[in-house]
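Chemist: Per Swiss-Prot, the features are:
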- T14, K46, L78, R92: substrate binding site (BINDING)
- T14, F15, H22, G93, L94, R95, E103, H128, S129, F130, I131, S132, S133, S134: ATP binding site (BINDING)
- H22: site 'Transition state stabilizer' (SITE)
Amino acid sequence: MTVANRRIAVYPGTFDPITNGHIDLVSRAAPLFEKVVVGVAQSPSKGPALPLEQRVQLARGALGHHSNVEVIGFDTLLAHFVRSVQGGVLLRGLRAVSDFEYEFQMASMNRHLIPEVETLFLTPAEQHSFISSSLVREIARLGGDVSGFVPAAVLEALRKVREAKSAQS
C-alpha cells in the first residue's frame with residue numbers, strides 16, 4: 001500500500017467547467033500544501049458537457065501559474081486515485097449548508113475506503129459562494145453571460161458547445 005503524504009492535497013471534481021470558485025479554492029489551498037493535485041474526474045454518469053481532456057486542459061490553463069499545482073484526469077475510484085498520487089488530504093469545498101450533508105456522507109465513505117487520508121473542507125470567498133458548474137452550464141446553454149464566473153478560455157469553450165448544439169438543432 002502507498003503511504004499517504006499529508007503535504008499532498010487532492011482536490012477532486014468533475015470541473016465541468018472549472019469556475020472562478022474552484023480556482024479561488026485551489027489558490028487558497030496551494031500555499032498550505034507542498035503539492036495540490038487537482039483530480040478531474042471522468043464522471044460519465046453526470047454526462048459532462050465538455051470531454052475529460054478538454055476539462056483537464058482548461059483547468060491546467062486556469063491553474064498553471066501555481067508551481068505546486070498539478071492537474072490530472074482520472075477515471076477510477078477516487079480512493080484509488082488518491083492513493084496513486086500519494087495524497088494525504090482530500091480537499092472539498094462547502095459553498096452552503098446544503099452542501100454539508102452530501103459532503104459529510106462522502107467524507108465518511110472515504111474514511112472507510114482510505115482511512116489514512118483526512119478530508120479538509122474549505123469555504124469559498126464570499127463572491128464565489130453561489131457559483132456552481134451546473135448553474136454556469138445552464139446559464140451558458142441559454143445564452144446568458146457567465147463571464148464573471150469563469151476564465152476567458154472556459155467562456156470560449158462554452159460558447160463553442162452552445163454553437164455546436166445550435167447547429168445540430
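Glycine too: its Cβ is placed from the backbone N, Cα and C atoms.
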Chemist: What is the number of other Cβ atoms found within 10 Å of the Cβ of L94 (ATP binding site)?
Modeler: 17
Chemist: Which one is it: of the binding-site residues T14, K46, L78, R92, whose Cα lies the shortest distance from the Cα of S133 (ATP binding site)?
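Modeler: In terms of Cα distance, S133 (ATP binding site) lies closest to T14.
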Chemist: Pick from S129, S133: which of these binding-site residues has the biggest number of other Cβ atoms within 10 Å of its Cβ?
Modeler: S133
Chemist: Enter the number of other CB atoms within 10 angstroms of the CB of E103 (ATP binding site).
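Modeler: Around the Cβ of E103 (ATP binding site), 15 other Cβ atoms lie within 10 Å.
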Chemist: Just how many other Cβ atoms lie inside 10 Å of the Cβ on H22 (ATP binding site)?
Modeler: 24
Chemist: Counting across all protein chains present, how many other Cβ atoms fall within 10 Å of the Cβ of R92 (substrate binding site)?
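Modeler: Total other Cβ atoms inside 10 Å, all chains included: 20.
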Chemist: Have a look at the binding-site residues T14, K46, L78 and say which one has the shortest Cα distance to S129 (ATP binding site).
Modeler: T14
Chemist: Determine the Cβ neighbour count for K46 (substrate binding site): the number of other Cβ atoms within 10 Å of its Cβ.
Modeler: 12
Chemist: How many Å separate the Cα atoms of R92 (substrate binding site) and E103 (ATP binding site)?
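Modeler: Counting only the Cα atoms, the answer is 8 Å.
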Chemist: When the Cα-Cα distance from I131 (ATP binding site) is computed for each of the binding-site residues T14, K46, L78, which gives the smallest value?
Modeler: T14
Chemist: 10 Å Cβ neighbour count around I131 (ATP binding site)?
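Modeler: The answer is 19 other Cβ atoms.
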Chemist: Check each residue in the chain of L78 (substrate binding site) that is at least six apart in sequence and keep those whose C-beta is under 8 Å from its C-beta; list them in sequence order.
Modeler: P12, G39, A41, L90, N110, L113
Chemist: By the DSSP assignment reduced to helix, strand and coil, which category contains R92 (substrate binding site)?
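Modeler: Once the DSSP labels are grouped into three classes, R92 (substrate binding site) ends up as strand.
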